[in-house]
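Asks: Starting off with a structure, shown below.
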Amino acid sequence: MDSTTRKGLKARIDTTLHQASTLWRRQRAYWRRWVVRSVNHMEVAAKLDGEAHWSARFGFMLIMSAGIAVLGLLLSSPAVVIGAMLISPLMGPIMALGFSLARFNLAEARLALTTLGIGVAAAVGFCALVVYLSPLQAVTPEILARTRPNFFDLLVAIFSALAGAYAVIRGRGETIVGVAIATALMPPLAVVGYGLATLNGLVFFGALGLFMTNLLAIALSAAVMAKMYGFGTAMSDRSTRIQTIGILGIFAILSVPLLLSLHQIAWEALASRLTREAISAYFGPDSRISQLEMDFSAEPIVARATVQTPKRRYDADQQISARLRARLEEPIAINLAQVLVDSDATLKEREQRELEAAKRAQGESLRKATEADAQQVAAELAILGAQSPSAVNVDLARRYASMTAEAMPGIRLPAWRALETRVAIRHPGWTVMVIPPVGQLPLIPFDEDSAALSPKGMEAVVDAAWALKRWGITTVLVNGRVASGEADSGEARDKLAEDRAAAVAAVLGERGIKVASRSTTSGAIQKAAEDEFGRSALRSVELVPDTLAEAPSAAR
């Protein structure tokens, strides 16, 4: 390149740099005039000064937040952990620290650091006490999630801090709630307390690293945001450059181990996926991995898996280890527990056979239970009715039992009906019928000068209707009767007898018994009956089955 070309290139570079510098100055002037001047710096500074101080409210909310956080972690409840984030007051002094760094206000920075130090110590101590006293001390997924900080955690903290600082500057405090959730300052502190109480160094230092990452990232990002909005403009250009270089240096120092951690986490996820794929490919589609655990801290790496397979593979551990070693370029040991299971087709066939066998067994069991129940029904009918077993008829298929009773001294219709009801109640699902001895039906009694059925009379009608149905008789003759001294005239007596017959006929009709005819008894027959059986026997209604119909008798 000759001198003329070099001069021309240098002139173009100088022109480009001059244009860029001019554009930067214009943008900077615009920013200061229209953005920085719109901020009430005194009001924001006064608010942050208040956030930097320790107060009873700060201490109480911090302890409550720590308690809720550690309980949520022990219970592995994300909802409870989020509740602790919402009430945590840690964002206040951290923001105050960041703005004090931007303004180079060492007194306020010391105050904010003191508040944070006391608060962190109190929160960690309280969480450690809760864990020490708790019967639940197992490491939960919520705890493990906060023991391995990575570069993504740093980015979350930076973005959240920028949003939080903007909210403070612009007076939009409600945004701080979302920032507190995004950065999750309190849960890592609670995990630090857990590690301290259980003397678990891995958990303790991992969670402490996550908290310090969030703390520094938020404070330094807030300082950068404060600088952009005109806080700390009294500092010299040299001090500003030193401050900027220091912040960038701290971010760089934080980024290196976090990037390495992120790389390790990504590699472990890849190794777990490849291990699962290799095991599945080796055993085929009929197998299923029920459990897979990777131990990356072992040397070599150990993968423990439980595989459900229809066929045992005796060389599976060595074969899969060799395949994975080639893909991962790392030594790995495979420990497989093979559980023999049927394939889908065989399993369905066996399930069908088992289902059919179960149905047969259930049917046989039901048949035996029905037979036993039938024997019990028959025995109860025969014993309670004092009848011979041959009097009982049982139909197993219909679950029907009947007994034709023989006449017994002193046993009347109500007793036979009560026997039927008792056995039927004791054996639900069975139809039980007791057929009483065929004979004359009881008289239906009435009160003096009354055509209304009394409770005793109603019970007698119901018993009679029941007996007629059991005998297979559907038609009956009804004879209404009146005792001497009832009613004051022959016409009234006939009317009373007719009404009594009608009352009984109505009840019988409701129960499916037809009344062929109604009649009354009077005259010499009535007088003879009263002389023989007493006057009360005539205050009644007489029922005569149609198949047994004959001239009305005097009494029963």
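Glycine is no exception: its Cβ is also placed from the backbone N, Cα and C atoms.
Residues or ranges marked as domain 'OmpA-like' in TrEMBL: 446-520. For 58-75, 81-99, 111-131, 151-169, 176-196, 202-224, 245-267, the entry in TrEMBL reads transmembrane segment.
On this model, are these features tucked inside or out on the surface, and what's nearby?
Replies: Taking DSSP states H, G and I as helix and E and B as strand, the domain 'OmpA-like' (446-520) has 38 helix, 14 strand, 23 coil.
If you look at the transmembrane segment (58-75), the same-chain residues 6 or more away from its ends with a CB under 8 A from one of its CBs are 81-85, 87-90, 92-93, 115, 119, 122-124, 126-127, 130-131, 134, 136-137, 140, 142-143, 186-187, 189-191, 193-194.
Long-range Cβ contacts of the transmembrane segment (111-131) within its own chain (Cβ-Cβ under 8 Å, at least 6 residues beyond either end) map to 51-54, 58-59, 62-63, 65-67, 69-71, 74, 89-90, 93-94, 96-97, 100, 137, 186, 189-190, 192-194, 196-198, 211, 215.
Long-range contacts of the transmembrane segment (202-224) within the same chain: residues 91, 94-95, 97-99, 101-102, 116, 120, 139, 143, 146-149, 153-154, 157-158, 160-162, 164-165, 168, 183-185, 188-189, 191-192, 194-196, 243, 247, 250-251, 254, 258, each at least 6 residues beyond the stretch ends and with a Cβ under 8 Å from a Cβ of the stretch.
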Asks: For the domain 'OmpA-like' (446-520), provide the mean pLDDT of the predicted model.
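Replies: A mean pLDDT of 83 is what the predicted model shows over the domain 'OmpA-like' (446-520).
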